[in-house]
Amino acid sequence: MAARIGLVKQLHCALLKTKLSALSAGIRRCSALSNSESHKEFTSKRVRRKFIEFFKEGYEHRFVPSSAVRPRGDATLLFVNAGMNQVEACAMAWSLLTEEYGIPADRLYISYFSGDAVNGLPADEETRQIWLSMGVRLDHVLPFGMKDNFWEMGETGPCGPCTEIHYDHIGNRNAASLVNADSPDVVEIWNLVFMQYNREVNGNLRPLPQCSVDTGMGLERLVTVLQGKRSNYDTDLFTPLLSAIHQCSKAPAYQGRTGEADVGQVDMAYRVVADHIRTLCVCIADGVYPGMTGAELVLRRILRRAVRFSTEVLQAPEGALASLVPTVAHILGEAYPELHIESERIMDLINQNEVQFLSSLKQGRRVIDRTLSNMDKDSTVFPASVAWSLHRNLGFPLDLIDLMLEEKGKMVDKKEMTVLENEYEKLRFQSEEDNGNRVDQLDLHSLAELQSQGVPYTDDSQKYCYSLGSDGQYVFQPCRASVLALYCDGSLVSEVSEGQRCGVILDRTSFYAEQGGQAHDQGFFTKDGLQDVLFPVKSVRLAGGYVVHQVTAAETLRTGDQVQLHLDEASRLGCMVKHTTTHLLNFALRELLGPSVNQRGSHCTASRLRFDFSVKGSLSVSELQQVEELVQHVIRQNAEVHVEEVPLSKAKQITGLRTIDEVYPDPVRVVSVAVPVSDLLNSNTTEQASVELCCGTHLLRTGAIRDFVIVSERQMVNGISRILAVTGDEAKKARETGQALQEELESLAVQVGAASSLSIPAAQMLSKEVGLLMNAVEITPIPQWQRRELQTRLKAMQKTSNTTIRKLEIKEAAFKAKELLVKHSNKRVVVDLIQTESISVLMKTVLQLSKSTPDSMVMLLSHLQLSGKVLCACQVPKGSASGSAIKWAHSVCARLGGNADGSTDVAKGVGNAASLTDITDILHWAEEFAQNKIRKAS
């Protein structure tokens, strides 16, 4: 291993030494350069072009277009966080910096790894000698420890010692003491990482089976140096953007202030908005949209932070953020042409999300105000559960909640908030841990060991070996295999015992490993000689060319054993049905809505399919019906599904081909419905067809789908919709259930229409039935178009029902108020007991009576004898000096062990009374309370 590491560094060293003589001259020549001479030449675009040309022309490197910021094939990584995720060999760093860019060598300092005794790592003397042999001054080559010169991207994964190039902005001095000291005057501009180790889950460092040299160079920092600036924000990568922000805001122009000098954080807001709009543009162009999980959640928070600083600090109008997109495209579009192509869509998404967030802010403020009004006025602690709900559900920033509460003299219960945050993190960590503890995830070293032992990759071609029998049923070919390797407890073993969970690698398999949005197959193994002992297969996944079956051993299993694979054919067929249906759905959506519809994700299981796609707003009832009909039309045709492997370059020439942002193999499987692939390749057809690149297992004919129903369609985030659909018997059941709910609605509609003749309790019961049906329609799997229609009618019925109840309550209240007016005419205080179970009727009666006796203080109680509950409602004349309605109601209800809320004019509350005597007593007490207030006022 040490020899291998040395070989990598020697190769690196050799590449550097080929330029040694030129570099030495360059060091002397560059030291004498006037730095200001180069500032005018180096626009950011020219800096980028020169970097690319240097490697293309000088070293015959191949230029590869920029990768997307979303990593492909690695769900554990939210974003590609640096160039270090892709190996380029950049041993020519010094030559590029000093010769091509003309940076004086005496302003450059080199840091290298000084070793670490705790981890048993020696100092990287080899790298030190490389730099010294190139002519770098001894006092410019500096040792540093793990913190500064050992590169690790995360808690686990590839890592290693690194060597960095730092630049001194001041010059004409020895700035060695400022290297890696967080000084703004001495900054890192280049990093070379020697990938030698893998950080294991237990924290240990394990040598990598294959080493490499990775590089990272900061474009913004380099441009800052070459343009003679002290801040990235003063370069042409940012100045046009800062100017555009100023033009659309009410804030003074950007002045570059920081800390206490930046009064009101205005300049900080400029920097936040500029940084965030660049991030938003690049991410959205690469297919990452603001959402609720993973990278999407990160982007959502970035967007909302930008909106806050734009609208609250810079006082820019709504829509200002999106107006910056063309400026970003102008600055970065040469390197990222997709910014020009996608600019309108980026602006639409930002605008939509801004409107949604500003609406959420208003809603959140209302929730906070309502919660504060219901709190004890003496309490200063705001419930953390409400704050957490605002944060998680509405995306309300926690720091904004703190600021709003601080203005009102309140604060969030920090202890309770910590508990909620910990519970959330625990659940998230548990999910990640469960995922990480899967025994079918081969580690890097085990993969290398399998390859070094010559273990061949798994032949999984038999997953495609099935046919239609004469009876129309699918026939799956049997599969026998040899156990080539067993993976248990993080290492390869030759044997596992009964009860052990392990990963099994076979020479061949008929099981489908989870990929391409299709769930893995299920089933079991049997071992030769033990036909009655089943080895259930929990999951099947791909790992570096090997198919790993996660199995719990039911008996001893050894490498070399012969096994028979038993596929769960019903589950496989269900997945085939759903996957082929997904292709038809994708085709139908684009046929109906146009080519702007793009797939954004999918997942097929035996029971249902999920399909995410880009679209403005939710589909209408008509569109949902048309999509279903288009899919059903192809099902009724019983069209043949054609599959053929073709070279990737030829496949991409097929008209109407649907692809997603994935890395495809070459050759690639082309799946076409109804039209042979050969016809598509030769352009022998004008027929529109569903044609996609796909590794999944598919039906041979579409008739086996039988039926198709979309049971859910909703916008996950602005611009991205998700469809859930079922097929076959589940689709039929959904239709039948929808019809049953339709009939129930029709029956209920007749009753609602005649509700005006009912009593209040009967009308309230009918309203409750409408609500229950609304809930059933919301959660029951039925056709989504029908759900929308039923919901529209039910909302109208609910409104009608509520109006009927309100009219009945007003009628009853008017009758009771008339009786009370006769009984209590000309009294300054009216306190009485009436019979009603509705607080609404009680309050309406109080209001009616007060309208007739505007100078009277009125309080009415109602005793619900079965429960013992007492309802209370009161009103006092506006501007009365006799007292407050809320104080009156609160005092009465408090004596009954209850509480009240309201205003100085009107209030209501609830308490409890065991007997009629208690009611009589409280009526006298309430009247005396009011009389005392009147006497004091007079």
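Glycine is treated like the rest: Cβ placed from N, Cα and C.
Those TrEMBL annotations? Automatic predictions, nothing curated.
What TrEMBL records for 27-737 is domain 'Alanyl-transfer RNA synthetases family profile'.
Of all Cβ atoms in the shown protein chains, 23 besides its own fall within 10 Å of the Cβ of C694 (Zn(2+) binding site). Annotation source TrEMBL lists Zn(2+) binding site at H579, H583, C694, H698.
All protein chains considered, the CB of H579 (Zn(2+) binding site) has 25 other CB atoms within 10 Å. As a whole-number mean, the pLDDT of the domain 'Alanyl-transfer RNA synthetases family profile' (27-737) in this prediction is 87.
Those residues of the chain, other than H579, H583, C694, H698, with a C-beta within 8 angstroms of the mean position of the Zn(2+) site C-beta atoms are Q518, M576, T580, T582, V641, V671, E692, G696, T697. Neighbour density for H698 (Zn(2+) binding site): within 10 A of its CB lie 24 other CB atoms from the protein chains shown.
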